[in-house]
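Right, one structure below, let's go through it.
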């Protein structure tokens, strides 16, 4: 059976009090609507239509070709929003799910189960519900004497008795697609808001003797809608807790989960230890037996088995097996560290390739460079790579030793087994097996201060 999805993402989000389009506010480093799209796609849906309004181009820019789009010029209610997908879906057969773009915690597993429940029951519609202690603001699930759905009533249209009901509609539905678009044309806006409500489609189906199911989830967090910054922070916390829980169950030690942020796309191997205050974002992959020291930040990087990152920042970089970084080092985009490399305190590496066993232990800048195997770069060494207009490359061969306080003025090549004396400013290439000294000779005047 074909499956389709409609993501409702046209709301202005005035309660966010933001210039940013509501569904583009981020949870765990990713726009809310992108979380929703990934869960929808993961549930086995064949085609997705996202309903957009003001800020449509921004949403399209994030979701790209993963979705089709329909524009809702006026926000006249959820049924009206769904009807905007008519040109894409009206003639389709199968099941269509409707999901709100501000529910970033919904999982593909719950959507899969909702669809399966709906199709197994041969229902025309199924609503995802949950029981919560404080149902204010949600539509209530009103059941009849036999316990089946009678109707869904919105908060502003509910009687006091209905407001006392704690089973709520999540705003997530599964429909027989043909039935959905037939009934949408019959929805009226005679309610307190003057809007066209999608839950009224369920009442129309019931009035015609159709089957409407309720599938209740036990995970209330999943259906949390985000309407303001307070709810955004709650969703962030819930996502963080869920992600950290997943990694811990898969063999990762997270010493203080409450202070540790790990993005949803991060991969971490077993027996890795994450210390307090760490942030790991983007498409980062961390191997086994790694230690990520407290207050480190890692973005879109690869850390191989046995490496150790201590109180450092790693952006768009790769760190080889058993390599030590930090404390207080910065790996900028393009930094590539081989195995058994050491990058020590107050070292900055940018667009540089440090081969296996290379060492840059303290107070150095290595940019646009290649450092050979087992080469030692002394304290205070600077690759002088920029002339004000262009960047130039520094190459240092293997098994070389660069003394302290050396300037390597690019473009320059230092060969293998070279010794560069401390305090030198190197402007010319140095061949293999050489000693390079480029500094003024010391003059000592005895008794000068007497």
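Glycine is treated like the rest: Cβ placed from N, Cα and C.
Residues annotated as region 'Pyrophosphorylase' in Swiss-Prot, with sequence analysis given as evidence: 1-229. Among the features that Swiss-Prot reports, UDP-N-acetyl-alpha-D-glucosamine binding site is placed at 8-11, 22, 72, 77-78, 139, 154, 227, 332, 350, 365, 376, with the record citing sequence analysis. As annotated by Swiss-Prot, Mg(2+) binding site applies to 102, 227, with the evidence given as sequence analysis. What Swiss-Prot records for 230-250 is region 'Linker', and it gives sequence analysis as the kind of evidence. If you look up Swiss-Prot, you'll see 251-450 marked as region 'N-acetyltransferase', on the strength of sequence analysis. The annotation active site, proton acceptor is assigned in Swiss-Prot to 362. Residues or ranges marked as acetyl-CoA binding site in Swiss-Prot: 385, 386, 422, 439.
On the structure: features taken from Swiss-Prot.
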| residue | record | Cβ contacts under 8 Å, 6 or more apart |
| --- | --- | --- |
| 8 | UDP-N-acetyl-alpha-D-glucosamine binding site | 51, 78, 81, 82, 98, 99, 100, 101 |
| 10 | UDP-N-acetyl-alpha-D-glucosamine binding site | 51, 52, 53, 54, 71, 72, 75, 81, 84 |
| 22 | UDP-N-acetyl-alpha-D-glucosamine binding site | 11, 12, 13, 16, 32, 101, 102, 226 |
| 77 | UDP-N-acetyl-alpha-D-glucosamine binding site | 189, 193, 195, 196, 197, 198 |
| 139 | UDP-N-acetyl-alpha-D-glucosamine binding site | 152, 153, 154, 155, 168, 169, 171, 199 |
| 362 | active site, proton acceptor | 344, 345, 346, 347, 379, 380 |
| 385 | acetyl-CoA binding site | 367, 368, 369, 391, 392, 393, 394, 410 |
| 386 | acetyl-CoA binding site | 392 |
| 422 | acetyl-CoA binding site | 378, 403, 404, 405, 406 |
| 439 | acetyl-CoA binding site | 421, 423, 424, 425 |
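On the 0 to 100 pLDDT scale, the region 'N-acetyltransferase' (251-450) averages 98 in this prediction. Counted with DSSP, the region 'Linker' (230-250) comes out as 20 helix, 0 strand, 1 coil. The acetyl-CoA-binding residues named in the record, 385, 386, 422, 439, extend over a maximum Cα to Cα distance of 22 Å. In terms of local Cβ density within 10 Å, 102 ranks first among the binding-site residues 102, 227, 350, 376.
DSSP classifies residue 362 (active site, proton acceptor) as strand under the three-state reduction.
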